[in-house]
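In what follows, a structure is listed as C-alpha cells, so that the remarks can point back to it.
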Amino acid sequence: MLCYSSYIAAQFYPEIYTLVPTAFILGLGAAPLWASKCIYLTKVGLRYASLVGENSDVIITKFFGIFFMFFQFTQVWGSLIASSVLSVGVEEVNRTEAEILSCGYNFCISEPTRELNSSDSSGREGPPLWQIYTLASIFLLCSLLSSVVVIIFVDPISSFKEVVGGGGEGKSSLQLLVATFNHLRHPYQLLIVPLTIWSGLEQGFLTADYTAGYVSCGLGVHMVGYVIVCYGVCDALCSMGLSSVVKVLGRVPVFTLGFLINVALIVALVYWRPLPDDVAWFFVIVGFWGVSDAIWQTQINALYGVIFPGQCEAAFSNYRLWESIGFFISYACSTAICVDVKITILIIFLVVGMTGYYTIEIIQRMGGPKKDKDGSVIPLDQLIVREL
C-alpha cells in the first residue's frame, strides 16, 4: 500500500523522472496487494462458512460484495473531493455544433480535441498548482492512514491456513510465479481468461474513454467527478446486495444479467449523441455501468475462489495478471484508436468471455473437469495428448 503513496507523493513534483519510477513501484506493489486481497477474502470466507455451517460459495460471494461496496464508495468520496477542488474557478465553455458532433461514438483523440480538452476550463492548460497540491495532500494522507490501519487491525493470513480449500501455503515468489503460469494449464483458467480481460477493459473504458469521449466532450471536464460519483454509488450498493441475489437466483442468472446490461449500454453508446442538454443521460448510463461492474467485480472474484479450490494463490495471481492486461490494452489504446474501435473490442471480449464462462458452468453441471486417480485436475495439454 505504501507503493501507492510513493506515486501520490510524486504529484508534488510531476516530472518524467519522478512519475515513471514511482509508477513502476506502484505496479510492483499493486500486483501482490490485489492478489493477496482475493486470497485473504477467500480464506476468511471459507473459515466463516465452516464456523456457521453455510454454503461457502454464497459466503465468499458475500465477502467480496462487502469489500467492493467499500472499495466503490472510495470512488464516491474521491470523486467528490476531486470535483470540489477542480471546480473552483471553472467557467462554462460554449462548444460549436461540429465539436459536439465529434463526441461520443465518433470521438477521437485528435489535435483539435486535445486542444479542446486542455483548454476546457477557462482556457488554461491545466489546473493550478494549488489544486494539484491540495488533491495530492488529501490522497497521500488517506493512503498513509490506510496502511497504518491494515498493519494494526488486520489479522495475518496465517490464521486461516487450516481451512480446507484455502490453499496457497506460503509459496516463495519464484514458486508462485511458476505456479501462476502452470495454472494456465487448468481448463477452467483458459476458459475464464477472456472474461477476466473484459473486466479490466470495461473499467478502463469507463474511466478513460467514457469520461473523455462522452462526459468531458459533452459537458466539460469539471463534470467528470460528479458522474463518477453516480457510478461509484450504484456500484457500491449493488456490490453489497448481490450476495442475496446470488443466494436466491444462483450464479448463472446474475452473470447473464451483467452481460445483458453491458450489451444494452454498448448499443446505447453507439447510437446516443452526448449533448449538453441531456445531462440526465450521462448519469443514467454510468449508473447502469456501475450495476454491471458490481456484477463483474464480485462474481468473477468469487468464481475464481469457487472453481479453483486449494489453488487460491495461483488462481488469483492469474486473475490480477489478465485483468491488468485488460487495463493495459484499454489505457494503451486510449490515445491511439477512436471510440468506435474500442467499443468493437469491448463487445468481442464480452461475447467470447461469456462463452467461456457458460462453458465452465456446463462442465461443472456435467461433473467437473476430468481428474486423475489422485483427484487432481488433468491439465489441458495432457488431455489433448490423450485424445491424439
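Using the three backbone atoms N, Cα and C, a Cβ is placed for every residue, glycine included.
Marked as transmembrane segment by TrEMBL: 20-42 (among others).
Sequence annotations record features per position, and here TrEMBL assigns transmembrane segment to 63-86 (among others).
For 130-154 (among others), the entry in TrEMBL reads transmembrane segment.
Annotation comment: TrEMBL describes 224-246 (among others) as transmembrane segment.
Positions annotated as transmembrane segment by TrEMBL: 252-272 (among others).
Positions annotated as transmembrane segment by TrEMBL: 279-296 (among others).
Per TrEMBL, the feature transmembrane segment maps to 328-360 (among others).
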When counting Cβ pairs under 8 Å to the transmembrane segment (224-246), the leader among 20-42, 63-86, 130-154, 279-296, 328-360: 63-86
Annotated stretches the transmembrane segment (279-296) and the transmembrane segment (252-272) touching (3 or more Cβ pairs under 8 Å): yes
Candidate ranges 20-42, 130-154, 252-272, 328-360 - greatest C-beta contact count to the transmembrane segment (63-86) (under 8 angstroms): 130-154
Tertiary contacts of the transmembrane segment (20-42) (same chain, 6+ residues out, Cβ under 8 Å): 1-4, 6-7, 9-10, 60, 63-64, 67, 157, 160, 166, 168, 301, 304-305, 312-313, 316-317, 319-321, 324
Non-local residues, at least 6 beyond the ends, that sit with Cβ under 8 Å of the transmembrane segment (328-360): 104-109, 188, 190-198, 200-205, 208-209, 212-213, 252, 255, 259, 262-263, 266, 269-270, 303, 307
